[in-house]
Amino acid sequence: MTARFGQYAKYLILLLFSFLMLYPVFLMISSSFKSNLEILTSPLGLPHSFSFENYVLVWEKVSFGSYVWNSVYVSALSVFFILFISSLAAFYLSRFSFRWNPFVLFFFMIGLMLPMKLAILPLYMIMLQLNLLDTLTSLVILYVAGGIPFAVFVFYGFFRTLPTELDQSARLDGCNSFQVYYKIILPLMKPALATVGIVHLIGVWNDFFYPLIFLKSEELSTIPLGVLTLFGEYDTEWNLLFASLTISSLPMIVAFLFASKQFIEGLTSGAIK
(Lines of atoms letter the chains of each structure in order from A and count residues from 1; the text may use other names and numbers.)
(Lines give C-alpha, C1' and ligand atoms only; values in the text may rest on other atoms or scores of the structure.)
Protein backbone atom coordinates (compact mmCIF):
# COMPACT_ATOMS: atom_id res chain seq x y z
CA MET A 1 0.00 0.00 0.00
CA THR A 2 2.81 2.39 0.91
CA ALA A 3 4.66 1.61 -2.33
CA ARG A 4 1.52 2.23 -4.38
CA PHE A 5 0.88 5.54 -2.59
CA GLY A 6 4.47 6.60 -3.30
CA GLN A 7 4.00 5.72 -6.97
CA TYR A 8 0.81 7.81 -7.18
CA ALA A 9 2.52 10.71 -5.40
CA LYS A 10 5.42 10.58 -7.85
CA TYR A 11 3.09 10.67 -10.86
CA LEU A 12 1.10 13.50 -9.30
CA ILE A 13 4.25 15.58 -8.78
CA LEU A 14 5.42 14.88 -12.33
CA LEU A 15 2.00 15.84 -13.66
CA LEU A 16 2.03 19.07 -11.67
CA PHE A 17 5.49 20.08 -12.89
CA SER A 18 4.55 19.15 -16.47
CA PHE A 19 1.52 21.41 -16.24
CA LEU A 20 3.58 24.28 -14.82
CA MET A 21 6.08 23.94 -17.67
CA LEU A 22 3.65 23.39 -20.55
CA TYR A 23 0.82 25.76 -19.67
CA PRO A 24 2.81 28.97 -20.36
CA VAL A 25 3.79 27.52 -23.75
CA PHE A 26 0.15 26.68 -24.48
CA LEU A 27 -0.90 30.17 -23.39
CA MET A 28 1.72 31.76 -25.65
CA ILE A 29 0.68 29.75 -28.71
CA SER A 30 -3.06 30.24 -28.18
CA SER A 31 -2.60 33.99 -27.64
CA SER A 32 -0.69 34.24 -30.91
CA PHE A 33 -3.96 33.48 -32.74
CA LYS A 34 -6.00 36.12 -30.88
CA SER A 35 -6.58 39.76 -31.64
CA ASN A 36 -5.13 42.37 -29.31
CA LEU A 37 -8.57 43.14 -27.89
CA GLU A 38 -9.30 39.46 -27.31
CA ILE A 39 -6.05 39.05 -25.37
CA LEU A 40 -6.92 41.99 -23.12
CA THR A 41 -10.51 40.87 -22.49
CA SER A 42 -9.95 37.09 -22.29
CA PRO A 43 -6.25 36.44 -21.62
CA LEU A 44 -6.69 32.83 -20.43
CA GLY A 45 -9.40 31.71 -22.83
CA LEU A 46 -9.08 29.94 -26.16
CA PRO A 47 -9.13 32.04 -29.35
CA HIS A 48 -12.55 32.43 -30.99
CA SER A 49 -11.03 31.67 -34.39
CA PHE A 50 -7.63 30.49 -35.57
CA SER A 51 -6.04 32.92 -38.00
CA PHE A 52 -2.43 33.28 -39.12
CA GLU A 53 -2.84 37.01 -39.67
CA ASN A 54 -0.65 37.84 -36.67
CA TYR A 55 2.20 35.75 -38.07
CA VAL A 56 1.92 37.43 -41.47
CA LEU A 57 1.94 40.89 -39.87
CA VAL A 58 4.97 40.08 -37.73
CA TRP A 59 6.89 38.63 -40.66
CA GLU A 60 6.15 41.54 -43.01
CA LYS A 61 5.44 44.59 -40.86
CA VAL A 62 8.19 44.10 -38.31
CA SER A 63 10.69 42.47 -40.73
CA PHE A 64 10.92 39.58 -38.30
CA GLY A 65 12.35 37.33 -41.00
CA SER A 66 15.63 39.28 -40.97
CA TYR A 67 15.84 38.94 -37.18
CA VAL A 68 15.35 35.19 -37.49
CA TRP A 69 18.04 34.93 -40.16
CA ASN A 70 20.51 36.93 -38.05
CA SER A 71 19.87 34.69 -35.05
CA VAL A 72 20.23 31.53 -37.15
CA TYR A 73 23.50 32.80 -38.64
CA VAL A 74 25.04 33.77 -35.29
CA SER A 75 23.79 30.66 -33.46
CA ALA A 76 24.87 28.17 -36.13
CA LEU A 77 28.38 29.60 -36.53
CA SER A 78 28.90 30.00 -32.78
CA VAL A 79 27.83 26.47 -31.90
CA PHE A 80 29.84 24.97 -34.78
CA PHE A 81 33.09 26.67 -33.76
CA ILE A 82 32.51 25.93 -30.07
CA LEU A 83 32.06 22.22 -30.77
CA PHE A 84 34.93 22.00 -33.27
CA ILE A 85 37.56 23.94 -31.30
CA SER A 86 36.60 22.55 -27.89
CA SER A 87 36.46 18.92 -28.99
CA LEU A 88 39.92 19.17 -30.57
CA ALA A 89 41.35 20.90 -27.49
CA ALA A 90 39.80 18.39 -25.09
CA PHE A 91 40.95 15.48 -27.25
CA TYR A 92 44.54 16.71 -27.19
CA LEU A 93 44.50 17.44 -23.44
CA SER A 94 43.03 14.04 -22.57
CA ARG A 95 45.12 11.92 -24.95
CA PHE A 96 48.54 13.59 -24.89
CA SER A 97 50.70 14.35 -21.87
CA PHE A 98 53.04 17.33 -21.89
CA ARG A 99 54.62 19.58 -19.30
CA TRP A 100 52.01 22.32 -19.33
CA ASN A 101 48.98 20.05 -19.59
CA PRO A 102 47.55 20.82 -16.09
CA PHE A 103 48.18 24.54 -16.54
CA VAL A 104 46.38 24.65 -19.90
CA LEU A 105 43.42 22.71 -18.47
CA PHE A 106 43.29 25.08 -15.49
CA PHE A 107 43.40 28.02 -17.90
CA PHE A 108 40.23 26.75 -19.56
CA MET A 109 38.58 26.18 -16.18
CA ILE A 110 39.18 29.81 -15.21
CA GLY A 111 36.70 30.70 -17.93
CA LEU A 112 34.00 28.89 -15.93
CA MET A 113 34.76 30.98 -12.85
CA LEU A 114 34.91 34.45 -14.42
CA PRO A 115 31.82 35.65 -16.31
CA MET A 116 32.69 37.45 -19.54
CA LYS A 117 30.14 40.16 -18.77
CA LEU A 118 32.53 41.46 -16.10
CA ALA A 119 34.94 42.37 -18.90
CA ILE A 120 32.35 44.06 -21.10
CA LEU A 121 34.26 47.37 -21.31
CA PRO A 122 37.58 45.79 -22.45
CA LEU A 123 35.67 43.59 -24.88
CA TYR A 124 33.93 46.64 -26.30
CA MET A 125 37.26 48.44 -26.75
CA ILE A 126 38.77 45.37 -28.45
CA MET A 127 35.90 45.16 -30.93
CA LEU A 128 36.21 48.90 -31.53
CA GLN A 129 39.92 48.58 -32.33
CA LEU A 130 39.23 45.64 -34.66
CA ASN A 131 36.43 47.56 -36.44
CA LEU A 132 34.01 44.78 -35.55
CA LEU A 133 31.40 46.86 -33.74
CA ASP A 134 27.94 46.61 -35.27
CA THR A 135 28.76 43.33 -37.01
CA LEU A 136 27.45 39.82 -36.45
CA THR A 137 31.06 38.62 -36.45
CA SER A 138 31.63 40.33 -33.09
CA LEU A 139 28.81 38.28 -31.56
CA VAL A 140 30.18 35.03 -32.97
CA ILE A 141 33.64 35.76 -31.51
CA LEU A 142 32.19 36.58 -28.09
CA TYR A 143 29.94 33.52 -27.95
CA VAL A 144 32.73 31.19 -29.07
CA ALA A 145 35.18 32.63 -26.54
CA GLY A 146 32.61 32.39 -23.76
CA GLY A 147 31.43 28.88 -24.68
CA ILE A 148 34.77 27.11 -25.07
CA PRO A 149 35.59 26.65 -21.32
CA PHE A 150 32.36 24.79 -20.52
CA ALA A 151 32.61 22.70 -23.69
CA VAL A 152 36.23 21.73 -22.97
CA PHE A 153 35.23 20.75 -19.43
CA VAL A 154 32.44 18.47 -20.69
CA PHE A 155 34.43 16.94 -23.56
CA TYR A 156 37.50 16.37 -21.39
CA GLY A 157 35.42 14.40 -18.89
CA PHE A 158 33.83 12.42 -21.72
CA PHE A 159 37.17 11.57 -23.36
CA ARG A 160 38.53 10.32 -20.04
CA THR A 161 35.82 7.64 -20.04
CA LEU A 162 36.90 6.28 -23.44
CA PRO A 163 39.61 3.58 -23.37
CA THR A 164 42.92 4.56 -24.94
CA GLU A 165 43.02 1.13 -26.60
CA LEU A 166 40.72 2.59 -29.25
CA ASP A 167 43.40 5.11 -30.20
CA GLN A 168 46.15 2.50 -30.18
CA SER A 169 44.19 0.15 -32.44
CA ALA A 170 43.51 2.95 -34.91
CA ARG A 171 47.18 3.96 -34.96
CA LEU A 172 48.20 0.36 -35.67
CA ASP A 173 45.90 0.55 -38.70
CA GLY A 174 47.82 3.59 -39.93
CA CYS A 175 45.66 6.46 -38.64
CA ASN A 176 47.29 9.71 -37.61
CA SER A 177 46.07 11.80 -34.65
CA PHE A 178 43.45 13.74 -36.61
CA GLN A 179 42.13 10.55 -38.23
CA VAL A 180 41.81 8.96 -34.78
CA TYR A 181 39.80 11.99 -33.68
CA TYR A 182 37.66 12.17 -36.82
CA LYS A 183 37.04 8.48 -37.53
CA ILE A 184 37.08 6.90 -34.07
CA ILE A 185 36.42 9.46 -31.35
CA LEU A 186 34.00 11.85 -33.04
CA PRO A 187 31.31 9.21 -33.79
CA LEU A 188 31.44 8.08 -30.15
CA MET A 189 30.97 11.56 -28.72
CA LYS A 190 27.58 12.33 -30.28
CA PRO A 191 25.85 12.43 -26.85
CA ALA A 192 28.41 14.94 -25.54
CA LEU A 193 28.16 17.00 -28.74
CA ALA A 194 24.37 17.09 -28.46
CA THR A 195 24.52 18.09 -24.79
CA VAL A 196 26.97 20.94 -25.29
CA GLY A 197 25.39 21.99 -28.59
CA ILE A 198 21.87 22.35 -27.20
CA VAL A 199 23.03 24.13 -24.04
CA HIS A 200 24.97 26.72 -26.04
CA LEU A 201 22.38 26.97 -28.80
CA ILE A 202 19.69 27.96 -26.31
CA GLY A 203 22.02 30.45 -24.63
CA VAL A 204 23.08 32.13 -27.88
CA TRP A 205 19.58 32.12 -29.38
CA ASN A 206 18.02 33.82 -26.36
CA ASP A 207 20.86 36.20 -25.50
CA PHE A 208 19.84 39.83 -25.23
CA PHE A 209 22.88 41.39 -23.56
CA TYR A 210 25.62 41.16 -26.20
CA PRO A 211 23.44 42.17 -29.19
CA LEU A 212 22.23 45.18 -27.21
CA ILE A 213 25.82 46.30 -26.54
CA PHE A 214 27.57 45.45 -29.81
CA LEU A 215 24.85 45.96 -32.44
CA LYS A 216 23.52 49.37 -33.45
CA SER A 217 21.92 48.78 -36.86
CA GLU A 218 18.33 47.58 -36.78
CA GLU A 219 18.85 45.32 -39.81
CA LEU A 220 21.48 43.36 -37.82
CA SER A 221 19.25 42.83 -34.78
CA THR A 222 18.71 39.33 -33.48
CA ILE A 223 15.37 37.96 -32.29
CA PRO A 224 15.56 39.27 -28.67
CA LEU A 225 16.20 42.80 -29.95
CA GLY A 226 13.49 42.38 -32.58
CA VAL A 227 10.96 41.36 -29.94
CA LEU A 228 11.87 44.49 -27.97
CA THR A 229 10.64 46.69 -30.83
CA LEU A 230 7.12 45.34 -30.30
CA PHE A 231 6.92 46.99 -26.88
CA GLY A 232 5.50 50.47 -27.40
CA GLU A 233 5.98 53.41 -25.08
CA TYR A 234 2.26 53.79 -24.49
CA ASP A 235 0.78 50.66 -26.04
CA THR A 236 1.88 47.11 -26.86
CA GLU A 237 0.50 44.93 -29.63
CA TRP A 238 0.28 41.75 -27.59
CA ASN A 239 -1.00 39.63 -30.45
CA LEU A 240 2.11 40.39 -32.53
CA LEU A 241 4.31 39.92 -29.48
CA PHE A 242 2.97 36.42 -28.79
CA ALA A 243 3.25 35.52 -32.49
CA SER A 244 6.90 36.61 -32.53
CA LEU A 245 7.61 34.63 -29.35
CA THR A 246 6.04 31.54 -30.89
CA ILE A 247 8.13 31.92 -34.05
CA SER A 248 11.31 32.37 -32.03
CA SER A 249 10.55 29.28 -29.93
CA LEU A 250 9.90 26.89 -32.81
CA PRO A 251 13.56 26.44 -33.94
CA MET A 252 14.62 25.55 -30.40
CA ILE A 253 11.78 23.05 -30.04
CA VAL A 254 12.64 21.43 -33.37
CA ALA A 255 16.36 21.30 -32.52
CA PHE A 256 15.65 19.65 -29.18
CA LEU A 257 13.29 17.09 -30.71
CA PHE A 258 15.93 16.08 -33.26
CA ALA A 259 18.70 15.83 -30.67
CA SER A 260 16.69 14.86 -27.57
CA LYS A 261 17.78 11.21 -27.62
CA GLN A 262 21.46 12.11 -27.83
CA PHE A 263 20.98 14.93 -25.31
CA ILE A 264 19.42 12.66 -22.68
CA GLU A 265 22.03 9.99 -23.36
CA GLY A 266 24.75 12.58 -22.86
CA LEU A 267 23.31 13.60 -19.50
CA THR A 268 22.92 10.03 -18.26
CA SER A 269 26.02 8.34 -19.65
CA GLY A 270 28.65 10.36 -17.87
CA ALA A 271 29.17 13.12 -20.42
CA ILE A 272 28.93 15.68 -17.63
CA LYS A 273 30.87 14.88 -14.50
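Yeah, the Cβs are placed from backbone N, Cα and C, and that goes for glycine too.
Whatever TrEMBL says is automated annotation, not expert-curated.
According to TrEMBL, the protein has these features:
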- 12-33: transmembrane segment (TRANSMEM)
- 68-259: domain 'ABC transmembrane type-1' (DOMAIN)
- 72-93: transmembrane segment (TRANSMEM)
- 105-127: transmembrane segment (TRANSMEM)
- 139-159: transmembrane segment (TRANSMEM)
- 180-205: transmembrane segment (TRANSMEM)
- 238-259: transmembrane segment (TRANSMEM)
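Through the fold, the transmembrane segment (105-127) approaches residues 89, 93, 133, 138, 141-142, 145-146, 148-150, 152-153, 156, 209, 213-214 of its own chain, all at least 6 residues removed from its boundaries and within a Cβ separation under 8 Å. Against the transmembrane segment (72-93), stretch 139-159 shows more Cβ pairs under 8 Å than any other of 12-33, 139-159, 180-205, 238-259.
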